[in-house]
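*Asks:* I have a structure here, written as structure tokens, and I will follow up with some questions on it.
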DNA sequence: TGATGCGCACACT
DNA sequence: AGTGTGCGCATCA
């Protein structure tokens, strides 16, 4: 992968264009690389084509024009891969460059990479792959059978085994793409749908069995979408927009596709009194948000650097890529509002207020009272509900010496025990401090408390001490898929450990 | 004039 | 219904 000189730059361009809600097309990508890195457009195009060949970048037709997707971040890559596999799709994402030997296993690797982009860098662990396949079909995909088809894929070169023992998609898949449509006019190669013979490739019998129900009786002709792709933005603005769009729609729809062209919408002219609200943010670039100004602003530039790093899969807190602070490989979880990522084990429960599915980085957190961010002042994060508060906004105001790691907000503590904030509430020393506990310790404790089944569930969910401290009521009652009765009981245990008090008034306000 | 941000209609699952 | 996409426009340097 790495020998493609502008690989990262192109991926960055695609990501940047997507963030801007601009179409990541060749023109914009070239422009980005030229402007940002001084890369010649021809070089960009050449590298782009190679990335497409290697499925690092996916070329798709969307709404009548060509777009490029970062395969590692494209949520529909799995579908794309599946379609490749099965030789079928009904959508314009449809694509088939089916090497006959590519398999469900390759798709599984790709899908796991989609779910966890860091796998792109250090591969998919065999256990994860096995788990994934067995979730699909635990009867068929026995370990023995998986070993067989895995070996087959390794032999065929579709999957490679990395030095660390993990598996990844091959950098250079066997380039036999009988169904790739070449456009002689512009020399562009588009991996598009061609479904005259969905199962004509040498897919194994087992794999065919898996896919046959979907392939049955499908016979769709490939659209020569490229014919209409030369319509570019200039055309869109030359006063012939409607005609062109109609032509696109017509040509596309006659090929069995939806009308992808977007109609020009009329301006919204109605006045709705309910629209009176605090404006979110002005359109366009924020004042002072130029790259120059960003550089001048030390705080902001730090954030910018952090985001850039985490975009590549770096932990926002420990700045490591795959390994956490303990040096162990760990999946990164993403901030629900931005691209920052962290290792769950790196999350300081008191400061960040995280749960694996709802973690929000400190830059994105807002005070539950004033809705201002950390810009206004430090935020205290409730270790029960993860809500954030400026000490001065919280009712009652928080004393300066309140430690974030121990903070429980007034919504989680009943009024009768508000003395908690006066720091005269005693921690029950009989209740252990789980902040440094491992998954095993948590699980063992729950077993000892008489919850062996729930202990196993906690172990399955990799809930260690720091994670447990961050669990919310909904995480326990819903997220663990326990029956309500046991879930409520175990929630009592969780809350007891969180606040280290056993007073029922605290546990069940 | 080109880069950027983003509302919102459309495409797709 | 929920999510992804990107046009078209406002804003800025």
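Backbone N, Cα and C atoms are what each Cβ position is placed from, and that goes for glycine too.
Whatever TrEMBL says is automated annotation, not expert-curated.
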*Asks:* Look up region 'Disordered' in TrEMBL and report which of A:162-189, A:246-273, A:274-301 it refers to.
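*Replies:* Feature region 'Disordered' in TrEMBL: residues A:274-301.
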*Asks:* Looking at A:109-152, A:197-240, A:329-372, A:373-416, I want to know which stretch TrEMBL calls region 'Disordered'.
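*Replies:* Comparing A:109-152, A:197-240, A:329-372, A:373-416 with TrEMBL, region 'Disordered' matches A:197-240.
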*Asks:* Could you give me the DSSP helix, strand and coil counts for the domain 'SAMD1-like winged helix (WH)' (A:1-74)?
*Replies:* 38 helix, 12 strand, 24 coil
*Asks:* Using DSSP, how many residues of the domain 'SAM' (A:437-485) fall into helix, strand and coil, respectively?
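*Replies:* The composition, in the requested order, is 34 helix, 0 strand, 15 coil.
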